[in-house]
């Protein structure tokens, strides 16, 4: 970058960073609350740091389960998996996938009982039998019918009664284990349809399904990827791979500590449940509260999947990466909080039907089909219906707008203007799109009432001052993201081609 263009770029980035950082700090100070003794906070704010006199936000059961209540149980199970996997990988690398399945099956049996194992095996047997027919539509029909049986009444309640015992995690582990198991079975069935010669064995399905790190909480690896990696006997590590794994594990630990601090000072998960308090917040704080809830949900997904992915990487697997940060998103096409489910849906539904995603009707059919399956996966209810509708609409609306502005005279006008001006204009639309993503997704995290209140305050009651100021700050953030993406693209273009023997690898 020349000095002539570099200085304006530097000052622009400095200005954008200053604006966004100031507004983030301003929102944090606005949300800092000493109202922990409010009656509405009684259920979700519990004793925390005694010596600092701070109570803790425990509204998110999933986070508390992972990193507080059942932390030791989860660590024990995953540590046992790592130890057994390492020992048998060294002794008999050819059969390590079998050891993964046996250990996972025994862990599930001890945790949930033989009736749960029998239920999961019945799902596996049904879908494996259908997979032998090698008809994709039959595999999808049987798979979705099986998934519906654990998502819809009265079938889910009947199956849940088959699991004996009672403990705090039973519901979470039952629906998580059954749900992810069925999605893996569907992937197995569809990949078996693609297999030209013969069929995969039932043992292959069990080894894939009972891999413990993925069993209860995901993420989902499609069968073709898991099978190829788990049966690979050429086990090597790239240079500095173990260092990178350790660094990521320490990073996750640091993020967990930061989240713990936020839970003791910013009650972002509990405040939305107290509508009386929410209505007293300023427009800025309300917008920041909605945004921070999405950021937290991304952090939770990144950390939980990151911990599981660390274990999977130690097993020489390449699991789905954590989702893209909500701060980096400004298009619906990249919006997801579970990359495993996203990859599954893209491979078997969205890309399969939508093709290149440049035809309006095919894109509409692909998105409607994708969100119908997503609705079933999440569990049909009013909030999920609304969430699916608006996200489906947002994904299609992006294509419609892109198609419209690709026509003359708009395409001619954009071609005549400079790249910088084009990026500024696109940044304005992306800023509005970012808040559409926030509003469409915050209702699934909090409540429909909270999402409606945020929408009314930012679009109607806060117009024009609050609306335009929030969009201005978002515009600054979008420009920073675009600049980062531009620099990454330049680095990739300038990256020299490595020689064939340049990628040093070492045996574990």
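Just so it is clear, glycine is given a Cβ too, placed from its N, Cα and C backbone atoms.
What TrEMBL says about this protein:
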| type | residues | note |
| --- | --- | --- |
| TRANSMEM | 6-32 | transmembrane segment |
| TRANSMEM | 74-92 | transmembrane segment |
| TRANSMEM | 98-128 | transmembrane segment |
| TRANSMEM | 172-190 | transmembrane segment |
| TRANSMEM | 210-228 | transmembrane segment |
| TRANSMEM | 249-269 | transmembrane segment |
| TRANSMEM | 360-378 | transmembrane segment |
| TRANSMEM | 427-446 | transmembrane segment |
| TRANSMEM | 458-478 | transmembrane segment |
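Between the transmembrane segment (98-128) and the transmembrane segment (427-446), fewer than three CB pairs separated by 6 or more residues in sequence fall under 8 Å, so the two stretches do not touch. Proximity of distant same-chain residues to the transmembrane segment (74-92), defined by a Cβ-Cβ separation under 8 Å and at least 6 residues beyond the stretch ends, is recorded for 66, 99-100, 103-104, 107, 111, 212-213, 235, 307, 311, 314-316, 508. Among the stretches 210-228, 249-269, 360-378, 427-446, 458-478, the one making the largest number of Cβ pairs under 8 Å with the transmembrane segment (172-190) is 210-228. Against the transmembrane segment (458-478), the recorded stretches 210-228, 249-269, 360-378, 427-446 differ in Cβ pairs under 8 Å, and the greatest number is found for 427-446. Under 8 Å from some Cβ of the transmembrane segment (360-378) lie the Cβ atoms of residues 144, 147-148, 151, 179, 183, 341, 345, 349-354, 384-385, 387-389, 391-392, 395-396, 399-400, 403, 444, all in the same chain and six or more residues away from its ends.
A Cβ distance under 8 Å defines the sequence-distant neighbours of the transmembrane segment (210-228), meaning residues of its chain 6+ beyond its ends; these are 77-78, 81, 100-105, 107-108, 172-173, 176-177, 180-181, 183-184, 187-188, 191, 194, 200, 204, 304-305, 308-309, 311-312, 315, 317-320, 338-341, 343-344, 347.
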